[in-house]
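> Quick one: this structure, given as structure tokens, is what I'll be asking you about.
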Amino acid sequence: MEFVFLAYPSCPELHILSFLGVSLVYGLIITGNILIVVSIHTEARLRTPMYYFLGSLSGIEICYTAVVVLHILANTLQSEKTITLLGCATQMAFFIALGSADCFLLAAMAYDRYVAICHPLQYPLLMTLTLCVHLVVASVISGLFLSLQLVAFIFSLPFCQARGIEHFFCDVPPVMHLVCAQSHIHEQSVLVAAILAIAVPFFLITTSYTFIVVAVLKIRSAAGRHRAFSTCSFHLTVVLLQYGCCAFMYLCPSSSYHPKQDQFISPVYTLGIPLLNPLIYALRNSEMKGAIGRVLTRNCFSQNS
């Protein structure tokens with residue numbers, strides 16, 4: 001049993017352009033996130049909870065994009081764009097697991113900012129390295145648990161004779177579109193998983209930022225308010241982009257599914273947001289820019305010597 005991907009362009013020239021464009025973006029994603037991970041690991045001043053979460057987020061983004069983008073690049077150059085049933089289930093399992101872990105980790109980062117701004121004196125006691133490790137591990141395990149449950153449920157359903165997936169990879173909406181046994185139970189099962197992975201973390205993030213805004217507005221100095229808001233603005237930008245795309249893809253009913261819209265939105269959360277993460281967190285953060293500059297300088301000196 002195999003599925004066939006139907007969203008790839010048929011023109012050979014577009015194959016080459018698509019391959020070059022996706023390769024360029026993927027190279028920037030990998031380079032930026034690796035630089036963040038290496039900088040945080042090597043710079044002692046960046047060994048704080050905020051940067052530990054950022055390094056973990058970059059590590060998850062590297063794996064998250066590799067699950068999908070490498071397969072897209074291979075399919076772009078192949079004449080037959082197929083995938084086996086087991087391969088499709090495996091790709092979907094890792095994609096959902098890492099994407100859900102990403103959402104949970106963003107909620108943990110929001111909690112870190114809440115403690116740092118609302119309880120600054122207790123911050124070193126509350127946000128310990130042990131707690132940070134536990135939150136990261138819990139994010140990954142929760143994402144993996146939700147993913148395995150959902151994928152096992154989807155691939156236990158009967159599929160129709162038509163095996164064409166109107167997408168670039170095995171995502172939940174286009175694969176569910178091929179299921180013959182349509183019922184409210186199936187749709188609700190997918191919706192429950194999406195609520196747990198998307199809506200619950202977003203609610204926690206919204207709650208954290210509500211307390212943050214209240215605390216910041218109590219600061220008397222304008223410089224203090226600006227510094228507090230700028231600390232959270234980068235994280236909030238990523239949150240709004242990621243959760244907006246995910247909510248549109250996974251929280252909408254199957255009756256409103258439109259393959260062309262999903263094909264247009266999927267590059268945003270598979271390539272766009274992972275590219276924005278290093279740009280937002282690194283280029284607009286003076287400490288990260290300095291750390292990355294020192295890492296690159298050390299590498300240049302070591303190569304020249």
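FYI, residue positions are counted from 1 along the chain as it appears here.
Positions of Cβ are set from backbone N, Cα and C atoms, glycine also.
Just so you know, TrEMBL annotations are computer predictions that nobody has curated.
What you are looking at is a predicted structure, and each value in this text was computed from that prediction instead of being measured.
So TrEMBL has the following annotated:
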DOMAIN    32-281  domain 'G-protein coupled receptors family 1 profile'
TRANSMEM  16-38  transmembrane segment
TRANSMEM  50-72  transmembrane segment
TRANSMEM  92-111  transmembrane segment
TRANSMEM  123-148  transmembrane segment
TRANSMEM  191-217  transmembrane segment
TRANSMEM  229-251  transmembrane segment
TRANSMEM  263-283  transmembrane segment
> Is the transmembrane segment (50-72) packed against any residues at least 6 beyond its ends, judged by a Cβ distance under 8 Å, and which are they?
22, 26, 29-30, 32-34, 36-37, 40-41, 83, 91, 94-95, 98-99, 101-102, 105-106, 108-109, 112-113, 116, 129, 132, 135-136, 140, 168-169, 270-271, 274, 277-278, 281, 288
> Thinking of Cβ pairs under 8 Å, which stretch from 16-38, 191-217, 263-283 has the most of them with the transmembrane segment (123-148)?
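The stretch with the most close Cβ contacts to the transmembrane segment (123-148) is 191-217.
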> As a test of reading the model: what is the averaged pLDDT for the domain 'G-protein coupled receptors family 1 profile' (32-281)?
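Summing pLDDT over the domain 'G-protein coupled receptors family 1 profile' (32-281) and dividing by its length gives 85.
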